[in-house]
Amino acid sequence: MDFTDINDTAGVKALLEQLRASQVWQKTVNPADPTSVSTTSTSTPNAVTPTLRGPGVSTSKSADADSEMPIISSSSSSQPLPVIPPSTSAVTTVAGAPMVPSVASLLSQLKSSQWTSPASAPSSESAPSTSSTPNVRSSRGSYPQSSIPGSTSSRPVELKHPPPPSQSTNLSQPLATIAAPDEDARFVTFQQALPRLTQLASNPEFITAVARLRDEQKELERQLWEERCEIRRKHEEKVKVARTKANMIGAELSKHEVDTFNDAFRRATQKFDTERMLLAWDALMEKQQTALEALGVPTMFRTSSKESYDKQKKVVQVLEGLIG
C-alpha cells in the first residue's frame, strides 16, 4: 500500500486508523481546558503555528498566532508516517526538521479529492470541492459521507440488467395503420357514403354483382306476383261458377254468398302475404345486405333497425342511379 497516493483505498484506511489511534487525534477531538492551551502558548512563544490553506498550498510560520495547531510527528503513532511530497499535497515545514504531513492537510486532501470507488465507474462531470478549510477540531461524524472511501452514498447506481427498450412506439404504428373498413362502414352517414359509392360504381365487377342481385329480386317479385294472381284467379273461378248455377235457376247471388266469397278471398290473400310473400322478402333482403356488405358498400349489414334500413334504402337508390 502507498500512503502517499490518495486513491489507494488500503493506504488511506490505514492512515485514518493511525490518526484515530494517536494521542494528538484524541487531543484534537477532545480539546483540553482553554486555560491549559493558553499556558502552552505563552510558554512556547517560538513554536511554529501552521496556517491551513488547503491542498497544494504550503503553510508558513506565524509567531503571533492566538492558538497553536499541533503538528503530527513520528512519535504520535505506532509506526512512522510517510512523508507526502510537496508537489502532491500540503506539508508543514519546520526549520531543521523533516517535512511531515499535518492532520489538516491529510483531511483536506480527502475532502477535496474526487474519490471514486473501484467498483464503480468514475464520473467525468463531478466538479472538485471548493469548500473552505476543514475544521480539525470537529467530531468524527462531521466528515462528508462522499469523502470517505467505500461510502455507498457517493457511488453511482449500477444496473446489472438494463431495462429492455420500450416497444410502445413500435407497436402503436401498426395498430394505427390497421383499419377496420367493414366495421366502420356500417355506421357512416349517408353523406360519408357517397364518395365510396362513386368509387364502387366505377368497378365493372361490382356493377355485375349488383346487377345479379337486382335480377334475383326481380325474379322473386315476378314469382310472388304470379302466386298472388293465382289466388285471385281461383277466387274469380269460384264466383263465376256460383253465378252460373244461380242463373240456371233464374236467381242471383245473395248478399250472404257474396260476403262469403269475399271473406274467403281476403283470408287467402292475407295467408299468402304472411306465410309466403313476407318471409320470402325478408330472406331476400338479408341476402342482399350480406352480399352488399361483402362488396364493400357502406351502411350495409344485416339489421332490422328501421333507421338503418332507411339509410340503406337511400344508398341502394344512389347505386341504382349510378349503375343505371
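Heads up, the Cβ atoms here are built off N, Cα and C, so glycines get one too.
Per-residue pLDDT, averaged over the coiled coil (210-237), rounds to 94. The coiled coil annotation in TrEMBL covers 210-237.
Taken from TrEMBL, the feature compositional bias 'Low complexity' covers 31-51 (among others).
According to TrEMBL, the compositional bias 'Low complexity' annotation covers 70-81 (among others).
Feature annotation from TrEMBL assigns compositional bias 'Low complexity' to 116-134 (among others).
What TrEMBL records for 135-155 is compositional bias 'Polar residues'.
If you look up TrEMBL, you'll see 27-84 (among others) marked as region 'Disordered'.
The annotation region 'Disordered' is assigned in TrEMBL to 115-172 (among others).
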Check: Excluding the flanking five residues on each side, which residues at least 6 beyond the ends of the coiled coil (210-237) place their CB within less than 8 Å of a CB in that stretch?
Finding: 261, 264-265, 268-269, 272, 276-277, 280-281, 284, 287-288, 291-292, 295, 319-320, 323
